[in-house]
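*Asks:* Heads up, here are the entries from Swiss-Prot:
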type: BINDING; residues: 10-12, 36-37, 58-60, 63-67, 102-108, 134-137, Phe141, Arg144; note: 4-CDP-2-C-methyl-D-erythritol 2-phosphate binding site
type: BINDING; residues: Asp10, His12, His44; note: divalent metal cation binding site
type: SITE; residues: His36; note: site 'Transition state stabilizer'
type: SITE; residues: Thr135; note: site 'Transition state stabilizer'
Amino acid sequence: MKIRIGHGFDVHKFGAARPLILCGVEVPYETGLVAHSDGDVVLHAISDAILGALALGDIGKHFPDTDAAYKGADSRVLLRHCYALARAKGFVLGNLDVTIIAQVPKMAPHIEAMRQILAADLTSELDDINVKATTTEHLGFTGRKEGIAVEAVVLMTRKHD
């Protein structure tokens, strides 16, 4: 069996007059995230982790913010595309670990719904998907409630014939 590890990181600032979407879940908050797509910073980090594990670049290469086709794009569609690229190379998700770094809003009420969506989109078992949240204790831009950062780590596996 061949394994690959990928790490993804993304940041978006608050300020868009749109819903806050994280892992495909609408999280109640006063503002959304500024982005070319729907601003789902979590799915962007996961997509980058998958692409990175397979040496396929990053989401900016695959979905450039200079391309009008991706304006307001549903990040779940982008994630599923990245995962399809991995599957085409014979890889499947072993497990996923995500850390959402945000002072606001509270993530705990939404974590299970996020995990369910990720398991469905990545055709994985729920116990292979972990989503957790933390704050920076009011330090830095996330602590000042200016935006959200996310780190994602994936283990991708391929079984040899």
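Cβ atoms here come from the backbone N, Cα and C positions, even for glycine.
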*Asks:* So which of the recorded positions is most packed in, judged by how many other Cβ atoms lie within 10 Å of its Cβ, out of His12, His36?
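*Replies:* That would be His12, with the most Cβ atoms nearby.
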*Asks:* Nearest to Phe141 (4-CDP-2-C-methyl-D-erythritol 2-phosphate binding site) by Cα distance: which of the recorded positions His12, His36, His44 is it?
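*Replies:* With Cα distances computed to Phe141 (4-CDP-2-C-methyl-D-erythritol 2-phosphate binding site), the winner among His12, His36, His44 is His12.
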*Asks:* Quick one, of the binding-site residues Phe63, Phe141, which Cβ has the fewest other Cβ within 10 Å?
*Replies:* Phe141
*Asks:* What does the structure give for the C-alpha distance between Ser37 (4-CDP-2-C-methyl-D-erythritol 2-phosphate binding site) and His12 (divalent metal cation binding site)? Integer Å is fine.
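*Replies:* Given the Cα positions, Ser37 (4-CDP-2-C-methyl-D-erythritol 2-phosphate binding site) is 11 Å from His12 (divalent metal cation binding site).
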*Asks:* My understanding is the cutoff is Cβ-Cβ under 8 Å with a sequence separation of 6 or more in the same chain; which residues meet that for Thr134 (4-CDP-2-C-methyl-D-erythritol 2-phosphate binding site)?
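*Replies:* Spatial neighbours, sequence-distant, of Thr134 (4-CDP-2-C-methyl-D-erythritol 2-phosphate binding site): Thr99, Ile100, Ile101.
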*Asks:* Show me the subset of His36, His44, Thr135 whose Cα is within 10 Å of Asp10 (4-CDP-2-C-methyl-D-erythritol 2-phosphate binding site); these are the recorded positions I mean.
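*Replies:* Matched recorded positions: His44, sequence order.
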*Asks:* In the same chain, which residues outside the set Asp10, His12, His44 have their CB within 8 A of the centroid of the CB atoms that define the divalent metal cation site?
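*Replies:* Near the divalent metal cation site, the remaining chain residues are Val11, Leu33, Ala35, Gly39, Asp40, Val41, Val42, Ala45, Ile148, Val150.
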*Asks:* Using C-alpha atoms only, work out the spacing between Pro105 (4-CDP-2-C-methyl-D-erythritol 2-phosphate binding site) and His44 (divalent metal cation binding site) and round it to an integer in Å.
*Replies:* 19
*Asks:* Within 10 Å of the Cβ of His44 (divalent metal cation binding site), how many other Cβ atoms can you find? Include all protein chains, please.
*Replies:* 28
*Asks:* Around Ser37 (4-CDP-2-C-methyl-D-erythritol 2-phosphate binding site), how many other CB atoms lie within 10 A of its CB?
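*Replies:* There are 22 of them.
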